[in-house]
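The block underneath contains the structure these notes are about, expressed in structure tokens.
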Amino acid sequence: MNSLLMITACLALIGTVWAKEGYIVNYHDGCKYECYKLGDNDYCLRECKLRYGKGAGGYCYAFGCWCTHLYEQAVVWPLPKKRCNGK
């Protein structure tokens with residue numbers, strides 16, 4: 001019984017590690033890509049796929065394009081040492 005519980009816990013942990021998520025960011029100004037149609041959004045899906053590849057997904061969350069199913073080294077908002085609009 002304990003072995004089954006441990007295996008289940010490990011599988012759940014592995015599932016959370018493999019998929020990175022985050023806001024798509026403009027490298028020049030450090031800002032998130034904005035969107036206004038919350039939820040499923042063709043613009044966000046298209047931009048996430050262009051930046052991160054065919055396997056990425058995307059939708060509008062809190063007026064920013066949120067990308068899913070990213071590779072671990074994917075760069076997402078916030079950029080280190082760079083604030084939006086130079087602030």
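Each Cβ is built from the backbone N, Cα and C atoms, and glycine gets one as well.
Per Swiss-Prot, the feature disulfide bond maps to Cys31-Cys84 (among others); the stated evidence is sequence analysis. Close to Cys84 (disulfide bond) in the fold, though at least 6 residues off in sequence, lie Asp29, Gly30, Cys31, Lys32, Pro78, each with a CB less than 8 Å from its CB.
DSSP gives Cys60 (disulfide bond) a strand state. Residues or ranges marked as disulfide bond by Swiss-Prot on the basis of sequence analysis: Cys35-Cys60 (among others).
DSSP assigns Cys44 (disulfide bond) to a helix in the three-state reduction. Its Cβ taken as reference, Cys44 (disulfide bond) is surrounded by 25 other Cβ atoms within 10 Å in the chains shown. Here Swiss-Prot flags Cys44-Cys65 (among others) as disulfide bond.
Residues or ranges marked as disulfide bond in Swiss-Prot (evidence: sequence analysis): Cys48-Cys67 (among others). The Cβ of Cys48 (disulfide bond) has Ile24, Ala56, Gly57, Gly58, Cys65, Cys67, Thr68 as same-chain neighbours under 8 Å, each 6 or more residues away in sequence.
Under the heading domain 'LCN-type CS-alpha/beta', Swiss-Prot lists 20-85.
In the three-state DSSP scheme, Asn85 (asparagine amide) is classed as helix. As annotated by Swiss-Prot, asparagine amide applies to Asn85.
Residues annotated as signal peptide in Swiss-Prot, with similarity to another entry given as evidence: 1-19.
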Residue among disulfide-bonded residues Cys31, Cys60, Cys65, Cys67 with least C-beta crowding, 10 angstrom cut-off:
Cys31
Cys44 (disulfide bond) versus Cys60 (disulfide bond) - Cα distance in angstrom:
6
Roughly how many angstrom lie between the C-alpha atoms of Cys35 (disulfide bond) and Asn85 (asparagine amide)?
17
Round to a whole number and give the Cα-to-Cα distance in Å for the pair Asn85 (asparagine amide) and Cys44 (disulfide bond).
21
